[in-house]
Amino acid sequence: MTDIKQILTDLIRFPSITPEDAGCQKYMIQFLEQLGFTCQQLNNGPVSNFFACYGKIGPLLVFAGHTDVVPVGEVSKWDTDPFSLEEKNGVLYGRGVADMKGSLACMLHMARRFIKTYPSFPGRLGFLITSGEEGDEFNLGTPYVMQKLEQQGIVIDYCIVGEPSSSLKAGDIIKIGRRGSLSAKIHLSGKQGHVAYPHLADNPIHRISPVLAELTSMQWDNGNAYFPPTSMQITYIHCGGHAGNIIPGELNLHLNFRYSTEQTDESLKTRVINAFTHHNLNPAIEWRLNGEPFLTNKGILLESCKQTVLEHIGTLPELSTSGGTSDGRFIAPYGVEVIELGLVNATIHQVNECTSLQDLNTLETMYFSICEKLLID
């Protein structure tokens, strides 16, 4: 029988740099179909997606994840071939071993073991997999699949996202939510002119400066028990001109908010627009909602996960909402209990990305135990 390491070896061989899947999902679908899963591919443009389900009735527990990985960077800086799994002293190296093909290998191995142990369990086990998580095509992935499932009347009860949530060892941190992300591209027009004749020009830098001073000093909220205060960062400023004696005629500015459940995207938009209005400016603003905040601070899934972690590593997990966004933000709005439980994130997106064989085995065992609690007990 193929063990977890061999499954991971197979997955790492696919150079699935986002949004390319490169054969990962074909491998996973074949694996799951051999176990009796019904699989449907839901590809969308350059992004590959599939949903798989075992069982006909009862609560539906879905394991969600992505097959795409970030680029490897300079291959010469790797100590190993990034697309060939290599073990050194119990540590496994390769692009995606932690984020998140290691979790996928645990999910597949667990599914086979669970179905062999409980072939007629009173529930349903599912997989929701995309190759569009790491890049700009994320809207073609999980949110698209969720729309299709809703159209088919498929309701997910519980979802475990296999993102690398842990800090020192598998299970020490569970993500119970994530902050929302809102971006703005702002264009402010002025009038180009010579610096010696400012009365004949209109400098957009000068005009926007008091607005930026107001926005960067603003206390958006105080956060709450689960989220830190909302933050805003200026991520890009560019003006025309490119000469020391020219007043630029336009300015482009990008902002990003990471916001708590104390805010909504509309409340943030209103405050930004009001700041510009207060200074008699009316720029063109293009908004992009990358994801709303979500929180699973209670429920059967969370309690099952907490108890499972305690049983397997001896301590209760830290419950956190820190870090960037994840695809959980597209699943939670459908009323699903969502948590993230995965491997250690210390080396994700880095050269020599790695995870330990011990953590893989621990994570697989925890996934199995959670399935028992939700689908058997």
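Each residue, glycine too, has its Cβ placed from N, Cα and C.
Bear in mind that the values here come from a model prediction, so they are computed numbers and not experimental data.
Residues or ranges marked as active site in Swiss-Prot (evidence: sequence analysis): Asp68. When Cβ atoms from all protein chains are considered, those within 10 Å of Asp68 (active site) total 28, not counting its own.
Residues or ranges marked as active site, proton acceptor by Swiss-Prot on the basis of sequence analysis: Glu133. Look at Glu133 (active site, proton acceptor): DSSP puts it in coil.
Annotation source Swiss-Prot lists Zn(2+) 1 binding site at His66, Asp99, Glu163. With a 10 A radius on its CB, Glu163 (Zn(2+) 1 binding site) counts 27 other CB atoms from all the protein chains.
Other Cβ atoms within 10 Å of the Cβ of Glu134 (Zn(2+) 2 binding site), summed over all protein chains shown, number 23. Marked as Zn(2+) 2 binding site by Swiss-Prot on the basis of sequence analysis: Asp99, Glu134, His349.
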Recorded positions near His349 (Zn(2+) 2 binding site) (Cα-Cα within 10 Å), from His66, Asp68, Asp99, Glu163: Asp99
Distance from Glu163 (Zn(2+) 1 binding site) back to Glu134 (Zn(2+) 2 binding site), taken between C-alpha atoms, in Å: 11
Candidates His66, His349: member of the binding-site residues with the richest Cβ shell (10 Å): His66
Rounded Cα-Cα span from Asp99 (Zn(2+) 1 binding site) to Asp68 (active site), Å: 9
